[in-house]
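The structure appears right after this line, and notes come after that.
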Amino acid sequence: MKKVTIRDFIKKKSTKEKITMLTAYDYPTAKIISNTGLDSILVGDSLGMVVLGYANTLNVTMRDMISHTRAVARANPPQLIVADMPFLSYEIDTKSAVKNAGLLVKAGSDAIKLEGGEEMKDTVKAIVKAGIPVMGHIGLTPQRFLRLGGFRTIGKTKQEEDQLIKDSLELEDAGVFSLVIENTYVDIAKRITEKLNIPTICIGAGPYCDGQVLVINDLLGLSEFTPYFAKSYVNLKEIISNAINQYIIDVKNNKFPEKQHYKERES
C-alpha cells in the first residue's frame, strides 16, 4: 500500500469512495494498522481518556501528543497520520498555534486536527500558510464540553444547526482539507457534506459523510464505556482477561513454563 496523501483524501470525495480512519496511540497498534487497508490514523487527544485514564481530554499536553505521535510514526504506516492539537495549544494566539502544529509535524504527523468553528478561522489560515495541512472538527468538540454543557448531541436548535453550517463553510474557506463532524443529527451532517468540496468524516453523525472515524478502543471492545455511535467488532477485554486468568492457573499448577520455554545445561 502506497502512502496516503491529502490529495488522496480529497479525491475520494469526488469518486465517492468512503474514507476510513481509526485512532492509534502507540507503535504496536500502528504497526498492525500499517498492514491493513485503512486510510488514516488519528493520534487523538482521546488518549487522555482511553490510555491515560483522565475523565476528559483537557489534561492532555503537547508533551503527551508529541510522545504518542512519535510512537505511531515509528511504525512507518502508509496511512495518513493526523495528530490532535490538545487543549490550549492553539487557542491563545496564532503564533503559538503554528509553533505547536509544527512540533507535531516534526514528531511525525502528516497533518494536524483542531476543534472549533468560525472562531478558529484565523488560526487555521496561519497554520495552513506555514505549510501544515489542517483537519477541522465541529459538532461535539470534547475540549469544549464544559461550555457545551456536557457531552451531548449538537444541533437541537435552529441556532445550533445554522452555526454548524456556517462553521463548516468558514473552515473550508480558511483552508482545512477535511472536516470531522461529531455527534450531530444525520440530516445536518448530510447537508454539510453536500455543501462542502472537502471530505467530511463522521463520528456519531450518520452514514452520509465521506468517511467514518472511531476510537480503536471502542472498535476492539476495550473501552470501559462504549458510546451509542460506536461499534465493537471484537471483545478484546474478555479475550485478554481470559488469557491472564489462564496464565495464572498455569503458573499455580506448574504448567508454565514448559520445556520449550527454558534451556537446560547439557550433561
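Cβ atoms are placed via backbone N, Cα and C, with glycine included.
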| query | Swiss-Prot has Asp45, Ser46, Asp84 down as binding 3-methyl-2-oxobutanoate; which of Lys16, Lys18, Lys113 does it also list for that site? | reply | Lys113
| task | For Ser46 (3-methyl-2-oxobutanoate binding site), list the number of other Cβ atoms lying within 10 Å of its Cβ atom. | result | 20
| message | For the C-alpha pair, I'd like the distance in angstrom between Glu182 (active site, proton acceptor) and Asp84 (3-methyl-2-oxobutanoate binding site), rounded off. | response | 14
| request: List the other residues in this chain whose Cβ sits within 8 Å of the Cβ centroid of the 3-methyl-2-oxobutanoate site residues Asp45, Ser46, Asp84, Lys113, in sequence order. | output: Thr23, Leu42, Val43, Gly44, Leu47, Thr57, Val60, Met65, Ala83, Met85, Pro86
| said: Looking only at Asp45, Ser46, Asp84, Lys113, which the record lists for 3-methyl-2-oxobutanoate, tell me the maximum pairwise CA distance in angstrom. | reply: 12
